[in-house]
Amino acid sequence: MATTTSTPEAILDAVGGAENIIHFTHCATRLRFELKDASSIDKATVEAIPGVMGAVPQSGDRYQIVIGGAVQSVYDEINNLPAMKSQGGSSSSGQSDADVKAAARAKARGKNALVDAFFEYLSDSFRPLLPALLGASLIIAGEAICEAFHLINTHADDADKPAMLLFVDAMFRSVFYFLPIMVAYNASKKLKIDPWVGTAIMAALLTPEFLKLETHPSTTCVQNATLNSKLCTAHIAGLPMQLNGYGGQVFVPLMMVAILALVYKGLVKIVPSNVQMVFVPFLSFVIMMPVTAFLIGPLGVWIGTALGTGLFWLNSHAPIIFAILIPMVYPFLVPLGLHWPLNALMLANIASDATHHTDFIQGPMGAWNFACFGATAAVLVWSVRDRDNEMRQTATGALFAGLLGGISEPSLYGIHLRFKRIYPFMLVGCAVGGLVEGIGSMIGGIEGVTTKTFAFTSLLTIPVFNPMALYGIAVAAAFATSFFLIVTFGYRTKEERAEALAAAGVVEASEATVSAPAEAAEEPKVGSTTSTATTEEGDRTAKAPTPKPALVPGAVTEIASPLKATTMELDKVPDPVFSSGAVGQGVGLEPEGDIVVTAPADGTVVVAPSSGHAFGITLDNGVEILIHVGLDTVNLEGKGFDVKVSQGDRVSEGQELVRVDRSVIEQAGYPLTTPVLITNTASFASVEVVGGDSVEPGDALIKVTAPEA
């Protein structure tokens, strides 16, 4: 069998090789590349790689490739490729720092470059924390479930809690209390300064010594009735310093590191290199710790509080508008990566006295997530109905990632953004879920659905929302609405559905008998060139329908091998059009010796382009067979193919269809892999490959069983 390129290798080749990579990382579902030159990447080629759900070009030579739940393993495999190791791994391009910086300065900056850089700074500061936040949210969900069954009381004073419960509290509170330190570390790495310097500066505001300033005799405190909190001011060398609780804060470390980067890089330029290891961190501490404590810290808390208070006011005074607005805008924010500021605000709300340490954004956001998952579930139903194996696998993985993990990207990039009919139906689900929350809040006299923790909105985290019943009803309504609409009206346009069903042989119109194999035979892969003459040939063959006979219930048809070859599982065929099963189920053949393709059974030739690269045969019992000789061989325009039959000819099993000059295909660089497919697979109860590892012409290859009456 032919050697095929693995997914990691194909991805690396598609982005221009290891030498084109400046920086490489990943998030929960996406590979993220910072490249020297992204202009030559073909998006269609990337998306055709098996395992790739989608490609998202970014400005500034940045590129994202959507993988889904397997992103970590694909990331690791790419980093382990010899080419990546020779370049120094995921964050090295093989260039010196000076070369990289010079290249960056030479790049043209778009008018939105600063905005793009801001959002990327936010996302890269939070993204590595998602697994820890998800793990902590599940511990909280477990506590909430236990409390619902009156097994524990999480609201009791610490003195009244069992030691075991205090220990469990520590397991998740560590993530949220020390979140500023973790954000500072990631933000420092993003801005390419020593991450431990940024970490230490932020950690200073969480030390016991800093916290003791609140009880120092020189500290003055006043009660703020508006924020329902105590505001204390310490006096350091005669200067007033507002004290805040910085545990759980996110705006403070983001602002601090942004300024620290300027200071740190400035010090690197002026401090002699032989003493930089000591004096750059020292001077950074001396400058930034006071600046952070006196200015940045209070300002960051104030910004978070102001934003949270503003949204809190809107939620309190117009709960229906707020509950509908959040889920309606999220489907547009997430694909663009613009949801990170709202995520930061959620964490700020939980840390703020002004919002009573509760977040009110995640409740309405749940309506969007479950509307998204409902749409995915509906697509899964359609894929099972249409026997679309590729879509069924994509939808199944995305649905599990959503319902159990609260992650929407596999659904978005793998399905929803590919089919324009999904978004309107999904938005209706978002609106219905938000409306239920808003009306329920007004009737109940509450300020929306809230939570006291940052939780991924999944089935497992429903118990952390209050009131849980209202939240559960709202997300169920969102899920059911989008699910019902898409199951009823479909997720493809009329044209998309006709094309997909024709490829699978499931349309009722008689022309499907011919058009499915014709389209599969004549349509070249994206990026290939096909002559006008070849296209017209395909059009002519597609317009010659023959009546489709009725299938005999339970009948079994054996399809013979059309040539001498070794067999290959269909999903190993190096062409996603065939390996996905979208054209039909079957098997791949690697020809051995002279290539003489024969008819696998008695029937009528319905596709026989002059290029000779593919043949469609309809058997008398309705089985439709496609034999595609080589991959992308349509581009040879008949060179090396001696065609023996024409469209409309009756053929008998073993009759020659075409003789192929192997050397012509090999010299052109095209794979010889020959898929043999049943294009109307969906019409049968089963399509089973029965051939061994090696087959001769006439050997049994595929067994097709008709459904029972």
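A Cβ is built for glycine as well, from the same backbone N, Cα and C atoms used for every other residue.
Mean model confidence of the domain 'PTS EIIB type-1' (5-88) amounts to 82 (pLDDT, 0 to 100 scale). Per TrEMBL, the feature domain 'PTS EIIB type-1' maps to 5-88.
Feature annotation from TrEMBL assigns active site, phosphocysteine intermediate to C27.
Residues annotated as domain 'PTS EIIC type-1' in TrEMBL: 120-503.
Residues 27-28, 162, 165, 168-169, 171-172, 175-176, 179, 182-183, 186, 405-406, 453-456, 460-464, 468 of the same chain sit 6 or more residues outside the transmembrane segment (129-152) yet have a Cβ under 8 Å from a Cβ within it. The annotation transmembrane segment is assigned in TrEMBL to 129-152 (among others).
Annotation source TrEMBL lists transmembrane segment at 164-185 (among others).
Annotation comment: TrEMBL describes 250-267 (among others) as transmembrane segment.
Long-range contacts of the transmembrane segment (279-304) within the same chain, counting only residues at least 6 positions beyond its ends with a Cβ under 8 Å from a Cβ of the stretch, are 194, 197, 200-202, 204-205, 210, 236, 239, 241-242, 244, 246, 249-256, 259-260, 263-264, 267-268, 271, 344-345, 348-349, 351-352. As annotated by TrEMBL, transmembrane segment applies to 279-304 (among others).
Marked as transmembrane segment by TrEMBL: 311-333 (among others).
Annotation source TrEMBL lists transmembrane segment at 366-384 (among others).
If you look up TrEMBL, you'll see 425-449 (among others) marked as transmembrane segment.
Under the heading transmembrane segment, TrEMBL lists 469-491 (among others). For the transmembrane segment (469-491), the list of distant contacts is 327, 363, 366-375, 377-379, 381-382, 415, 419, 421-422, 425-426, 428-430, 432-434, 436-437, 440-441, 444, 449, 457, 462, 497: same-chain residues at least six beyond its ends, Cβ to Cβ under 8 Å.
Summarising the annotation, TrEMBL assigns region 'Disordered' to 514-551.
According to TrEMBL, the compositional bias 'Low complexity' annotation covers 526-535.
As annotated by TrEMBL, domain 'PTS EIIA type-1' applies to 575-680.
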Exercise for the section: Decide whether the stretches the transmembrane segment (250-267) and the transmembrane segment (311-333) have at least 3 CB pairs under 8 angstroms, with pairs required to be 6 or more apart in sequence. Expected result: no
Under 8 Å Cβ-Cβ from the transmembrane segment (425-449), and at least six residues away from its ends along the same chain, one finds 312, 315-316, 319-328, 330-331, 360, 363-364, 366-368, 370-372, 374-375, 416, 465-467, 470-471, 473-475, 477-483, 485-486, 489, 491
What DSSP reports for the domain 'PTS EIIA type-1' (575-680) is 15 helix, 42 strand, 49 coil
